[in-house]
Amino acid sequence: MNGIIEWFARHPVASNLLMGFMLIGGLISMSNTSQEAFPEFTLEIIQVEVPYVGASPDEIEKSIIQPLEQQLNGVEGVKEVTATAAEGVGVVKLEFSRTADIGRALNDVKSEVDRITVFPDDAEEPIVSQVSGKTRVAEIAISGALPEAALKELAYRIKDDLVLEDNISLIEVKRARDYEISIEVSRDNLRAYDVSLADLSNAIRLESLELPGGDIDTAKENILIRTVGRNLTRQDFEEIIVRSSPSDGVIRVRDIARVVDGFQERDQFALFNGQPAVFLDVFRVGDERVLDVIESAETYIEQSLKPSLPESVNVVIWRNDAVELDQRIDLLVKNAIIGILLVALALTLFLDLRLAFWVSAGIGVSFTAAFIPMSLLGLSINSLSMFGFILAIGIVVDDAIVTGENIFAEAERGTPPMEAAVKGASRVAAPVIFAVSTTVAAFVPLLLLPGILGKFLTDIPAVVIIILGLSLIESLLILPHHLSHINVQEPPRNFVFQFFAKARDKVDGALKRFIEGPLERILDFTTKHWFVTITGAVTVLVLTIGILANGYIKFSFFPQIEGNYVTASVEMTEGTSLQRTAQLIAEVEQAGVEVARSMATDKQTVDELMLGQLVLVGTQEEAGGPPGSGGLNAPKSNQGSVVIQLASPEDRDFSSSEFEAKWRKALAPFKSQAKISVASNLVSLGASVQVEVSADTDSSLREAISQTEAGLNSINGVFDVRNDFDAGKREFKIELKDEARRYGLSLQSLALQVRGAFFGDEALRVQRGRDEVRVYVRLPKTERSHISDLFDYRIQTSTGEFIPLSQVANVTETLSPSTINRRNGRRLITITADVDNAVISGQQANAVLTEAILPEIEKSVPDVRFDFGGEAREMGDVGSVLGRNFTLALLAIFILLAIPFRSYSQPIVVMLAIPFGLVGAVLGHLVMDLYMGLLSIFGIVGLAGVVINGALVQVDFANELRAQGVDSRQAWIEAGKSRFRPIFLTALTTFLGVGPLMLEQSVQAQFLIPMAASIAFGVLIGTFIQMLLVPALGSMLDRLTIAREQRRTRSNETELQGQV
């Protein structure tokens, strides 16, 4: 390594080219690096979806879900299987381990699904796919007083235009019903014309086809033959001949039925700002940049689209990631610049101005070059990667300070500049490399966390590790060359240098007085009274752990990330009509408007505070779920959502969580009518409390749910307790009587007639432009809207006779669940609740459940089983993996320290400084009144590598002094004194680097502050403790070693005397 350092120091062209490559390559890569609010990632989840139109959840579970679960049971690498059966569709999701070959797994799943032969004939082909991690960057709302078909066609027109833009490649239309042709024939006409629904379907099917008929080879040419009966429009279907005879003449569809060319019968609709609406999701794909995608969409809408639209139609970008991205990136860049300036100022007060300049320049070189590996690894510019840059500001100067100071110290002893650069850098190369390696080892566990959360947060440690590696290259291969041109003996005489030199002399003088006075006396005490020092340090650590254990610092596993959208989700009793749900949703929306009106100020109107309102009836908006974890959201007439877009955080005087709390309070009177929840998190891991309940019988399940909810409601600070268990939707089950056989009826023929009448008999599907349109034959809506319509329905026998349904079948009423959820082959019900973190944390609420409530329920309901999901499950998974990874990291750090020290005991001395970073982190959270959470733990883990660097430098210097014959205790004192300035400067620069972010008042930065506080206070306080503890531990170790040697000497002398 020394030869490489010398070569670069003596070859300016190579050193400058390397720096130029890092700068130019970084700038080019920066321009090509994608930008997004949060990182995009792929998921190791494969989904199998099987549509079975018209089937109940019970039927889906038996005929779709269970065969899939059994067939997929042997697929290799599956961690967990979840399934959902809803009306008309079954979905199974398989989650694989992070190391699985997902491409191979996808092929394996497809092969297994293809082997299933027991699916119902009417079920659609299974759709097997990997759950996409594609990033939606905008949602365009198209609203106005237009017919539904016109709105949908306008949406498709906009989609077609936008995908032609340079920066947009993927757009999906959503919240628009599919086209459908319904051929409706009344019972009276069926009997009058002696036609069944099946006859009508067959006639339509036979008259609607295109069939190649071969070809004719003539002498001149080859001519194709094709039979064409393509029906696409209402008029085409009306002209189809159903039957013809000499007596009755020709009977066409229009004679007996009404053809409705419209939309699927589905109980849902969407309103935007009170108007019917259709939406477009705009996605960022590959290397597309969020800002470019949004700019292209905005330009098209404002310049090309709006001039051609009628005044009654409004097209706006409803969700705009570019706004949040701009705000978050600008915020973090501002804090990074302030941090760099503070670090540079601190360096000029402690170091020679020329050294301070090149050390500061090294930050810029390392940061710019970081975009090269970021681009190669697919990392983006986002809130988390930018935070990684901020964390690295103070850390990366460590190796440059150590290298630069050693070069200057060598030069001050009279060594020529070039020789001083080579000799000074070479001397500290090994400890610098090992110091950086230990820091990297501490951050590696954060790269390997499991699940969605691990992928979401991985950019932070990845960026820090990249910058640390590049800073090592800069400090050893570039910095020595630049410092080799500085003549320390002849400082510049310009005004700027003299000004900073005077300031540095004053600071340096004060620092020397502290080192030679108080610090020397403190070190003398700690090395002399090492037992007292170590006992005192351990006492402080135990008190810190006690503060955490006794709840003086609140714990919130994952912080709330401020967003601009607040969502109220409503679920009424199963079977509630769409009209009744719509009435309640309107009241929920009005309550939200009233809350906004109460929070508006004199300078801000309600319209300026609320930028948009989305109302969904018949479906729900997914809000605040884990990234990429959206589940099946099948239409249900009893559900709905209201989404309110608030102004940007800078344009309002309150946070979205405050609006959420007030809206929730305003909705309290409606909770007797429906389950209502309100969420404002941009990203969350699910509910704070999520309990999954399963049991052998329905009665046990109901009892367990009731007792669990009662227990949760009794916990102070727990609210919005709800479950996904529904008593069920009314269902009529039809069973064939024995008497039906006399009429030539089978169960299948009876079922097909009832299905055809009330759901519809699918005659065929036609391709009309971009849409596949289903054609159904059924009774008119007016003849299938009442219970009596079923009981009065007449079944056609094999002789053509029509007889009442009750004559050939028994009809019984039961309750059928609207959705069935399963995990690993078992049905389960999920109970969720949120917590007021000011009163109780999710962890504490789950602890109360585990220790006090659930054991009592298990006693009274023996066959019940409980499991935790949501935040608790993520916390358990992440905690176990993080603990294991951190243990491995400590082992790696021990190895990295043992090699240069050539000792097994000295690495332990260094590593004992690690726990004391926790003291500073806890103190920081207390001082700043912060919640302790996952990101705080991230900071503490990453802190380990930074804290031990100072200890490593002390031990290394003490070893060098002892090798020169200095007394052991004096060596530890001198090591503490001589290494104080670089250790203190590293701690100070780390603190200043993240300091601006800690003091940031913007709500958008609040979720990052706990991690910044852990690093900043942990380094500052941990370094102070480590400066005192390491000499004490070293003295203790030396004394124990001396005592052991003395005992060994006495033992040897005794043996010799005995031999004599």
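Including glycine, each Cβ sits where the backbone N, Cα and C put it.
These features come from TrEMBL:
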type	residues	note
TRANSMEM	12-30	transmembrane segment
TRANSMEM	331-351	transmembrane segment
TRANSMEM	358-381	transmembrane segment
TRANSMEM	387-408	transmembrane segment
TRANSMEM	428-448	transmembrane segment
TRANSMEM	460-479	transmembrane segment
TRANSMEM	530-553	transmembrane segment
TRANSMEM	881-901	transmembrane segment
TRANSMEM	908-928	transmembrane segment
TRANSMEM	934-959	transmembrane segment
TRANSMEM	980-999	transmembrane segment
TRANSMEM	1011-1037	transmembrane segment
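Within the same chain, the transmembrane segment (980-999) stays apart from the transmembrane segment (12-30): fewer than three Cβ pairs sit under 8 Å, each pair at least 6 residues apart. Below 8 A, the CB atoms of the transmembrane segment (12-30) and the transmembrane segment (460-479) form 3+ pairs separated by six or more positions in the chain. Among 331-351, 387-408, 881-901, 1011-1037, 881-901 has the largest number of CB pairs under 8 A with the transmembrane segment (428-448). In this chain, the transmembrane segment (387-408) lies out of contact with the transmembrane segment (908-928); the count of Cβ pairs under 8 Å, excluding pairs fewer than 6 apart in sequence, is fewer than 3. The transmembrane segment (358-381) and the transmembrane segment (881-901) are not in contact, since fewer than 3 Cβ pairs between them lie under 8 Å (pairs 6 or more apart in sequence).
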